[in-house]
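S.K.: Sharing a structure, written as structure tokens. Questions coming.
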Amino acid sequence: MRIVLHNLPLLLCLIYPMMFYFFAIILYPCDGTQWDYTSNLCGFADCYLLFNKILGTFDWSFNNGLPMVVNALANIALIVRVVRQKRRFQHALTWRQHRRMTVQLLVISSLYIIAWAPSLIVGLVQILGYPTFLAQIQTDFFLDLIYIVCLFLPWVYLSLLPELIKWIKELFRYGQGRNLVGPTRTIQLETRL
């Protein structure tokens with residue numbers, strides 16, 4: 001049972017994308033005119049997105065859109081589960097204790113959704129019938145917006161972990177020695193010969 005519930009989904013998450021994109025990009029028959037090395041994204045080289053509506057819609061909705069929806073629903077389900085468990089065990093629900101978890105989930109999920117939603121929505125509209133719908137904006141901006149997740153995620157994590165920030169500040173504070181400069185007093189001693 002552990003193999004079915006734990007190891008098989010992990011294995012599927014590793015093998016499925018490699019197999020799908022190997023067949024969809026490398027083995028899919030294209031005429032070679034989609035490669036334009038002077039344009040952004042090499043002329044949108046994934047020709048299955050342009051010429052096969054079924055495969056393109058499946059890729060954008062299942063491989064890209066579904067993880068975004070699952071992410072949002074899983075975070076909401078986790079918050080609901082914590083609230084219900086507290087009520088079931090008749091503990092006083094103090095939001096101060098769960099505020100940090102809720103804020104972390106919402107910030108990370110919203111970063112992911114803000115970065116991916118415009119590209120996914122415009123891509124689906126383009127595949128389903130309006131190929132020129134915001135095409136230039138999609139190519140120039142929305143597809144680059146996806147990389148914001150990779151760039152901002154470390155900073156989001158740092159902002160959500162105050163203990164780590166405090167530790168880093170102390171680390172740099174101890175690394176630099178402080179030289180105090182102040183007035184000195186000189187004492188003259190009388191010497192007798």
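Heads up, the Cβ atoms here are built off N, Cα and C, so glycines get one too.
Annotations for this protein, taken from TrEMBL, read as follows:
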type	residues	note
TRANSMEM	7-28	transmembrane segment
DOMAIN	42-157	domain 'G-protein coupled receptors family 1 profile'
TRANSMEM	65-84	transmembrane segment
TRANSMEM	105-129	transmembrane segment
TRANSMEM	141-161	transmembrane segment
S.K.: For the transmembrane segment (105-129), name the stretch out of 7-28, 65-84, 141-161 with the most CB-CB pairs under 8 Å.
M.R.: 141-161
S.K.: Grab the same-chain neighbours of the transmembrane segment (65-84) for me: Cβ-Cβ under 8 Å, and only residues 6 or more beyond its ends, written as numbers and ranges.
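M.R.: Sequence-remote neighbours of the transmembrane segment (65-84) are 93, 98, 101-102, 105-106, 109, 112-113, 116-117, 120, 124.
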S.K.: Counting by DSSP secondary structure, give me helix, strand and coil numbers for the domain 'G-protein coupled receptors family 1 profile' (42-157).
M.R.: 97 helix, 0 strand, 19 coil
